[in-house]
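Asks: This is the structure I have questions about; it appears just below.
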Amino acid sequence: MLNSSGVRTQRRSPRPLSLGGRKIITPTKFAYDHHNPDKVLDFVEMDCLEPKTKNNLTGKLLLVASLLILAIIVISQSSSFTSPSAFSQREEGVTHVLVTGGAGYIGSHAALRLLRDSYRVTIVDNLSRGNLGAVKTLQQLFPQTGRLQFIYADLGDPLAVEKIFSENAFDAVMHFAAVAYVGESTLYPLKYYHNITSNTLGVLEAMARHKVKKLIYSSTCATYGEPEKMPITEDTPQVPINPYGKAKKMAEDMILDFSKNSDMAVMILRYFNVIGSDPGGRLGEAPRPELREQGRISGACFDAARGFIPGLQVKGTDYKTSDGTCIRDYIDVTDLVDAHVKALEKAQPRKVGIYNVGTGKGRSVKEFVEACKKATGVEIKVDFLPRRPGDYAEVYSDPTKILKDLNWTARFTNLQDSLQVAWRWQKIHPHGYNSY
């Protein structure tokens, strides 16, 4: 057959081709020059797909579709596509409190009380001194959505602090986060100025930027130093004698200076020596093992009673007191937390309240040890050593002002009873929250 160009076409019979050891039939159409029959001018293979190739294409399409669906799911669950959480928006009738240091001894007890009183609580803690076990206990007690959230963060990180405040709608801040050992502060003063003074400044700045209007600041009687006159009132001159007290006073000064031109409601609570634990047995004091030497006298008594240490070391027997040992005002943690909640309830815009939180009664270290022996039922061995640097002889409060203004008074004032409550938790949790 000829066409106008003098080229003829010829259809050849299908020929087998081998691909990977398999033969398939591929019909082929060739074009010849009729002047030169042996010359192939062109060829066109006809469409033909191996069944396995079709299956591979289908599989790829399904894979692409699956990945597309997965991407849609991930995007839809991202923060920009989900509805705001309860913590990120204000709700009428609900007060959202940021509790810094809320995994610590006092902070966790405060969080428990706030949650029990139907506050919404966000705990921020870097766990350098706090216990994740305390947070888990609170989460188990209050599992409902929108009640409690925990954020692992360091207040010394300004980006983290800004993120926390920008993503949450706080109504108030209870600022407990700090390092709080007098002896340690004399060894590592810069750590104390950073963690107490500098971090408080960061929190205060974030509150100002995000218009959080209430601050309850956890301060200390250590800001008074060693006053010449007892008891200590809120007007007693503040002359701290160790870096812990100095760092706290500097933080107080910053807050007071800021409040002069702010509508923020501020409460500063200067409290004394904290003991005890939750009467319900849910929380307790559990310092890290490496910090036990720096810890409170109650912790040392309990360690001695359990045989974790050979005995109790009392540092200083030559103070100008009745028995030569330091005199302190021991406040039960349950009473202390109650004072914080009352301060939160009574805080007023453009006003500052400063209060001592104590029982108004001083007890010597020797008295404390005897009470601890009775509470534990163990005859604790006591070694008397030289004074600890930075300590002071006698400190106890005059709680008249807090009674008058906030209608607060200490209820758990029996030293032995408070120690018995704490001892019950210690016996069940000999290794702290790791005992679960």
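All positions are counted from 1 along the displayed chain.
Using the three backbone atoms N, Cα and C, a Cβ is placed for every residue, glycine included.
Not measured: the values here are computed from a predicted model.
Marked as active site, proton acceptor by Swiss-Prot: TYR244. The NAD(+) binding site annotation in Swiss-Prot covers 96-127. Taken from Swiss-Prot, the feature region 'Disordered' applies to 1-20. Sequence annotations record features per position, and here Swiss-Prot assigns topological domain 'Cytoplasmic' to 1-60. If you look up Swiss-Prot, you'll see 82-436 marked as topological domain 'Lumenal'. Sequence annotations record features per position, and here Swiss-Prot assigns transmembrane segment to 61-81 based on sequence analysis.
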Asks: Of all the binding-site residues here, THR100, SER108, which one's CB has the most other CB atoms within 10 A?
Replies: SER108
Asks: In angstrom units, rounded to an integer, how far apart are the Cα atoms of ARG120 (NAD(+) binding site) and the residue listed as 'active site, proton acceptor'?
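Replies: Counting only the Cα atoms, the answer is 31 Å.
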Asks: Given TYR244 (active site, proton acceptor) and GLY104 (NAD(+) binding site), what distance in Å do their CA atoms have, once rounded to a whole number?
Replies: 17
Asks: Report, as a single number, how many Cβ atoms besides its own are within 10 Å of the Cβ of VAL124 (NAD(+) binding site).
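Replies: I count 26 other Cβ atoms within 10 Å of it.
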Asks: Determine the Cβ neighbour count for HIS96 (NAD(+) binding site): the number of other Cβ atoms within 10 Å of its Cβ.
Replies: 22
